[in-house]
Each structure stands twice: as structure tokens, then as C-alpha cells.
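As given in TrEMBL:
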- 37-70: repeat 'TPR' (REPEAT)
- 240-299: domain 'SH3' (DOMAIN)
- 306-333: region 'Disordered' (REGION)
- 319-329: compositional bias 'Pro residues' (COMPBIAS)
- 434-493: domain 'SH3' (DOMAIN)
Amino acid sequence: MSFVSTLRQWDEAVACVEQRDPETALRIFLNIEEKTSKIFFNIGCLYLNNNEFDEAEKAFDRSIGKDEHLAAAFFQRGVTFYKKEKFEESLLDFHQAFKQLRGNQLIDYKPLGLRYKLYACEVLHNIGLVQAQLGKWETAQENLLTALSLRADAKFSHIDHALEAILKQKVFPLVEIRAGLLFKPNKNYVAELEKKDYLGKAKVVASVVPADEFSGFAPLQPQVDDVPSTPKVPEVLRVFEGEPHTVLYEFYPETKEELAVSPGNIVFVFQKGDDNWASVVFNEKRGLVPYNFLKPLDNVTMPSKPLQIEPLNENDDIPAPPRRAPPSRPVGTEGLKTVNAETNNTMEFSGCIVKVHFQFTIAIRIAHGQSYGVILQTISSKLKLPASTLTLCYAKEGVDERVNLEDSEMESVWNSVKENRLTLWCSATEGKSVPHKKVVALYSYDSSTPEDLDFKQGNVITVLSKVNDEWLEGQCNGKVGIFPSSFVKALNGNQQSE
């Protein structure tokens with residue numbers, strides 16, 4: 001049987017218990033072929049609640065056989081033996097449960113799927129009860145006094161009542177795990193059992209056909225009877241009253257009146273000012289672009305008849321030309337080639353494009369000859385990370401490994417620029433991981449769930465993280481999983497270095 005089938009039956013059986021149908025739950029648990037320690041524990045609890053003590057004993061035996069460190073199974077088997085009046089066996093199991101606590105006041109089984117905390121004081125309470133049944137009243141009193149000292153909460157008032165009963169040489173009620181509490185499967189695994197529709201169903205958002213419910217790859221199209229013999233002039237040409245130009249260089253706007261364009265874009269110039277700024281239309285947007293970034297196009301075919309341009313109003317997508325004088329030339333055009341409109345001469349600025357490889361790649365514009373501090377601050381602003389956490393390096397000619405960037409290397413860096421292009425590598429030191437702690441296994445541990453990490457006594461385990469006070473996540477023999485912290489101890493300094 002696959003793990004998925006086991007998980008599905010496990011979850012179904014737990015749901016039956018929650019719906020107060022323990023008979024069906026027991027039948028489902030028994031039909032699981034590959035039963036784990038937790039499943040045998042659940043079967044034993046159902047038999048115990050039904051007063052079928054012999055079957056409960058067998059189930060707890062197999063649970064302990066699968067996981068010899070499951071203190072809750074020893075505790076429940078001790079309860080079973082007590083109800084069968086096998087007090088010697090019950091006493092041994094309660095002592096074994098207390099031993100598995102390993103000096104801790106409690107074991108919280110919630111991370112393993114059981115909403116129960118096994119307290120040391122309650123185990124000692126039951127030990128005292130069994131000793132009282134055997135007539136060992138003084139030993140029972142000593143165990144109850146120890147339980148009283150380990151009591152962590154006022155809710156354990158039954159220990160006080162038990163101590164009063166011992167002084168009168170009377171027995172007192174047994175502490176049991178509440179009926180209905182079972183180990184549940186990992187909720188994340190259960191969630192994966194449900195089928196998921198990652199694409200969903202297509203929905204028509206807009207259509208030219210009224211009440212269109214089509215959900216395929218294309219909406220329904222209306223049928224046109226009178227097809228024109230000649231193609232219409234594209235509606236977009238109605239706004240092209242200006243001269244067509246192609247964009248030579250990329251331009252980044254600095255004000256809302258300016259328009260972003262890239263090399264190869266076709267724009268239409270409405271007006272060219274004396275300060276070398278042009279009012280253009282591109283992508284149904286109107287704005288200002290430096291005219292020396294543009295080149296006139298002579299081979300664009302325009303409509304033979306002059307287009308009738310309708311006056312613009314507030315609802316048009318293209319705004320009216322600005323009614324103020326064009327702004328002054330923007331700052332920060334270093335590193336660009338521009339064309340003078342009057343002399344047609346090409347001017348070269350002393351700058352370059354810097355490509356920075358980080359967890360992703362970015363590109364920035366840096367003026368040629370800038371200092372290391374300026375470059376670092378620019379990259380820091382772009383990545384939105386503190387400059388103190390960043391380390392830059394570059395590929396130095398004649399050196400196999402990359403060289404860290406610093407002020408003394410800046411001359412070599414700028415000499416390595418080719419065709420106004422420079423490549424840098426960036427790494428962040430903030431949150432840098434520290435060497436993982438190593439521990440050694442005091443006891444062998446066999447996994448009972450897929451997320452557990454199994455190991456043998458003496459194995460060295462690398463601790464990856466702390467789950468809670470009782471559990472750790474680690475790596476051993478190429479596997480990663482969680483394990484009880486009480487099963488390991490830290491290595492000393494010499495062993496760590498080895």
C-alpha cells in the first residue's frame with residue numbers, strides 16, 4: 001500500500017472518531033496494511049476505551065515495537081495492565097514512561113499530531129497508585145511527594161487529593177488520556193490529497209456579443225454581412241498629424257511631461273522647440289522627448305488625402321499639447337550617443353552601462369571614472385539593501401578568480417570597460433549563515449513518520465534548525481528530518497573541528 005493510501009485511510013478514521021463513530025474508525029485503522037507506531041497507538045486507545053483490554057495490550061505492544069521511545073504508548077499500556085489488575089506489569093510500564101521523559105517535566109506530542117502533554121507528575125501519580133495497590137504505602141507516598149514538587153500548574157490538584165488518600169491508606173482515581181485523543185496525520189500532507197485546479201475555468205470578461213458565455217480560447221465573433229472592398233485607413237493614423245521619426249537612443253523621463261521611449265520606437269513629432277525638445281505621440285501617449293534622440297523617417301507611407309483631425313476633448317486618450325514652454329534639458333545623459341540636429345554630428349559622453357549580477361541581474365548607468373563609493377551607493381539604492389552589506393567584484397584581466405572592488409582597483413576597473421559596457425558581481429553578507437552545530441546521537445531513533453530523521457547511536461547529526469523545545473531539525477546520512485532533542489548531545493570543540 002502506498003503512503004498516500006495510508007494517509008487517506010488514517011485521516012478518514014480520525015474523522016470518524018470526531019463524528020463519534022469509533023467502530024467505523026477501528027475498522028478503517030485495522031484495514032491499513034502498513035501500520036506505523038502512531039496507528040497502532042490509536043488502535044490500542046480505541047480498544048482501551050471499549051474495555052477490550054487484551055486487544056488493547058496487543059496494539060500497544062506493537063506500537064512500542066515500532067517506536068521503543070514512545071512514552072505515551074508505555075503510559076497507555078500501563079493503564080491497560082492496571083485495569084486488568086496486573087499491577088506489577090503496570091508499575092514497570094509507568095516506570096518506563098517516566099524514564100522516557102529523560103528528566104523533563106513534560107512531553108508535548110502536538111508536533112507529532114497528538115494534542116496531549118504527558119506530564120512527569122501525572123506519571124508519578126499513577127506509579128504511586130500502583131504501589132498503593134501493592135501495599136507499598138511509604139514508597140507510594142514518596143512518589144507522590146516527588147510528583148508534588150514537579151507539579152507545574154495548579155490544575156494538578158488531584159495530586160494533593162491522592163496524597164491525602166495515601167496518608168489514610170486509601171486508593172485514588174487513575175490518570176488516563178482522555179477518550180477520543182488520537183494521533184492525527186500531518187495536515188500539510190492531508191491538504192495535498194485534494195485535487196487542485198491550478199488553471200480554473202475561463203471566464204468572459206469583455207465581448208462584443210451580448211450575453212456571451214463562451215469560455216474557450218476566443219470569444220464569439222459577430223458576423224458582418226457588408227465587407228468593404230478596400231481596407232480602411234487604420235484609426236490610429238488619425239492622430240498622426242506630425243512627422244514620423246525613429247528613436248535612436250533610450251530616454252528615461254524625469255518629469256510627468258516627458259515620455260519614455262526606446263531605440264527603434266516610431267514616434268510622431270507635433271512640435272519642435274528652440275531648446276531642442278520635441279512634442280511627440282507614442283503608444284497613444286503625448287509627451288516631450290529630446291529631438292537629438294530622434295531621426296526623421298522618409299519611407300513611411302502616409303494616407304494620400306489629408307486626414308481630418310477632430311478636436312481633442314477631455315475623454316480622448318491623447319491629451320492636448322502642453323500650453324507652457326518646454327522644460328530645460330534633463331540632467332544625467334552621460335554615457336549616451338546623441339545626434340546634433342543642426343550639425344548632424346555624433347557626440348560621445350563619458351559613461352557606460354553597468355550590468356550587475358545579484359540574485360537577479362540589473363543594469364545601471366554610471367558616469368565613466370566614478371569612485372567605488374558612488375558605484376556601491378548606486379547599486380545599494382537599486383537593490384534597496386544597505387551598502388554595508390554588499391560586496392562587489394569584477395573579472396580582472398589575467399586573474400582567474402574575481403577580484404573584490406575597492407578604491408585601489410578603480411583604475412583597473414575603468415580600463416576594463418569595453419564598448420561602454422562593464423559587468424560586476426554583487427553578493428550580500430547580511431544574514432549570512434553560520435556553521436551548523438553538530439550533535440552526537442545518544443540513542444538510536446527509528447522514524448515513525450516521513451518527516452522524522454532516523455539514526456543510530458553514535459551517529460553525528462548536523463542541526464539545521466530548532467523546531468521547539470523538544471524537537472530539532474537535522475541532517476544525517478544524507479537525509480533531513482526532525483528528531484527529539486533528548487536523544488542527542490552536543491559535540492565538544494575537538495570533535496566539532498574534526
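The backbone N, Cα and C atoms fix where each Cβ goes, and this holds for glycine too.
Because TrEMBL annotations are produced automatically, they should be read as predictions rather than curated entries.
Note that the structure is predicted; figures quoted are calculated from it, not measured.
When DSSP labels each residue, the domain 'SH3' (434-493) comes out as 4 helix, 30 strand, 26 coil, counted as helix, strand and coil in that order. DSSP labels the residues of the domain 'SH3' (240-299) in these numbers: 3 helix, 30 strand, 27 coil.
Under DSSP, residues within the repeat 'TPR' (37-70) fall into helix, strand and coil as 27 helix, 0 strand, 7 coil.
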